[in-house]
Amino acid sequence: MRAGQLPRWADYGLMPAINVVAAFLVSGLVVLLIGENPVEAVRILVWGALGWNEGIGFTLFYATNFIFTGLAVAVAFHAGLFNIGGEGQAYLGGLGVALACLALDRFVPWWVTLPVAVAGAAAAGALWALVPAYLQARRGSHVVITTIMFNFIAASLMVYLLVNVMAKTGSMQPETRTFEAGGRLPLLQSILPGVDFGSAPVNLSFVLALLSCVLVWVLIWRTRLGYEIRTFGASPGAAVYAGISPVRITIVTMLISGGLAGMMAINEIMGSQHRLLIEFVSGYGFVGIAVALMGRAHPVGIVLAAILFGILYQGGAELAFEMPAITRDMIVVIQGLVILFAGALEHMFRPLLLRLFGIIAAPASKPA
Amino acid sequence: MFDTLILILDSTVRLATPLLLAALAGLYSERSGVFDIGLEGKMLGAAFAAGAAAAVTGSAWAGLAAGILVAIALALVHGFACITHRGNQIVSGVAINFLAIGLTALLGQDWFRQGGRTPPLSGDGRFTNIQLPFAEALRDVPVIGGLYSELLSGHNLLVYVAFLAVPVTWWVLFRTRFGLRLRAVGENPAAVDTAGISVTWLRYRAVICTGILCGVAGTYLSVAQSAGFIKDMTAGKGFIALAALIFAKWKPVPVMFACLLFGFLDAAAIRLQGQEIPGIGEVPVQAIQALPYILTVVLLAGFIGRAVPPKAGGVAYVKERT
């Protein structure tokens, strides 16, 4: 352990935990401000998310979305890239899924549609990340700014497509027709015997998400490409000296990142909504940033962080139901606070912790 | 034809005003080396505070004060995270946007119980339109009447404040000691530090300037342009302002033209809704709405000039390694 460094367990476990606790304490103050009891609110929230089968099902359903968008941000992080275009990439991913499902759902069973839909989602998401990646790699424009712009371009494009091109005939709703059985993923409870999630839409995508975590872990820590990505992220200069092409790494990493973000649409469109509709991403892409930060860009951490955010989403919905004064917007506030404390203020408690560890460590290193 | 043009330009001015205020706000922060994608959130927070304060007190000025205070508070959160704790500036901006969306809706519903709206404003609760001198007398003069009485006169105070802020910002940035230092700290903070000037305090002052202008921008939305706050009323304007700021290469006067261009596109999109353009056919509104972002990407790609951000932007300043 070098000076000025925390032990690994503290860095990867304790610090994020402290940050999240701080975020929740401030959220408690907001609840107090509204004139409700924060302890009671937490009780309702946790029970609503974990206290019953359907609640757990919803929690896992939301967590699936967060795993995909979190992985997307994390992969880019490893290359030192900040992909905040997950929102737009997932939106376009929905287009890929919907095209696959609309083309195949009447002719083949779902397990034939699935690989095509996955390919469609990943390809569409990756395509939406390609232009920002190319511009960063070749023209030197910052990927953060271009991905923001592409989020808005995606929103305009999808509204246009859904209103003018893909809307089902004779309907004013900007959405496609509902997919037939061939375009619907089976629910988790219909695959796993003895599991009952009630009416929660948690589906096969959850397994797909966990599989993606394993693949990302293998990619980042067990392949040559992953090594190159991490090297480039740690020191672009050193990477160039080692013969790693910055252009190639930037573009490949962003394609993988965009593809993962696009996969989110499998869960939402093929797993739950069974039709393409506007604004189905509704912030999941942005929350992926918080998930990746809290999970320290490691798949295990991301799964844990995604489940935490799933709990927030599902518990927050229950909370809005039980305490009408606290609307669903409370979830957005808590997310904002978690992003603030676990992300932007992640080092705030570090000096304090260092001092604490210093006090504890000092007598041990210098026995009297 | 001339009258139509004047009408479109008139709404261009109205639509460009919040963009202009927010883009100039971002200019101070980004020129000092603190990237700010939280313009949207600060505007939204200010719009809510202004709408709420004006509704409760019945005074537009109280609304303006509240809007500015809230925007400064949010800007200080950004500063605390990015300057004091060297946090990631993008992450902090995202957090502020989330906080603003959540808190305005949550508190709005709790305080006023109108589905996230603030009560409608009237009379002194709003900034009303100002008639410039002789506007009535000149109304019937051809061309000049249209330009002066319709286009220049008859806007509310904050519109004039926004356009006045352009030369003021230029003067502050390029003709004052504070401006020189502010630009220097965005390019090479170590040099500024060596000269014995506090990087931290300079950057804090820059983000406070950002807060003030974002506060005016938000107040314009809820107290001047509309008569009250509506949930999520900024609707991406903070990001268009950011695009305008980049499009204008972080310079005050070009920022004004970029905002006018983007405002014009917005005005034209409203005007062209469902209309055929001879030779082209019906232009989808979404295409015009996406145009500011597309133009900015094209600019960033280096096809129309080159947009080079402040060199130290996005990087926290480390005075000493411990």
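Placed from the backbone N, Cα and C atoms, the Cβ positions cover glycine too.
Annotation comment: TrEMBL describes A:12-35, A:55-78, A:90-108, A:114-135, A:142-163, A:202-220, A:240-266, A:286-313, A:325-345 as transmembrane segment.
The transmembrane segment (A:286-313) shares the most Cβ pairs under 8 Å with A:55-78, out of the stretches A:12-35, A:55-78, A:114-135, A:142-163, A:325-345.
It is A:55-78 that, among the stretches A:55-78, A:202-220, A:325-345, forms the most Cβ pairs under 8 Å with the transmembrane segment (A:240-266).
Here the transmembrane segment (A:142-163) touches the transmembrane segment (A:90-108). Their Cβ atoms form 3 or more pairs under 8 Å, with each pair 6 or more residues apart. Long-range Cβ contacts of the transmembrane segment (A:90-108) within its own chain (Cβ-Cβ under 8 Å, at least 6 residues beyond either end) map to 68-69, 116-117, 119-125, 127-128, 151, 154-155, 157-158, 161, 166, 176-177, 179-184, 261-266, 268-270, 275-276, 280-281, 284-285. Using a Cβ-Cβ cut-off under 8 Å and counting only residues 6 or more beyond its ends in the same chain, the transmembrane segment (A:325-345) has close neighbours at 16, 19-20, 22-24, 26-27, 30-31, 34-36, 41, 283, 287, 289-290, 293-294, 309, 312-313, 316-317, 319. Within its own chain, the transmembrane segment (A:12-35) has Cβ neighbours under 8 Å at 6, 41-42, 294, 296, 298, 301, 305, 308, 325-326, 330, 333-334, 337-338, 340-342, 345-346, 348-350, 353, counting only residues six or more beyond its boundaries. Through the fold, the transmembrane segment (A:114-135) approaches residues 72, 83, 85, 88-97, 99-101, 103-104, 141, 143, 146-147, 150, 154, 183, 185, 204, 208, 250-251, 253-266, 270 of its own chain, all at least 6 residues removed from its boundaries and within a Cβ separation under 8 Å.
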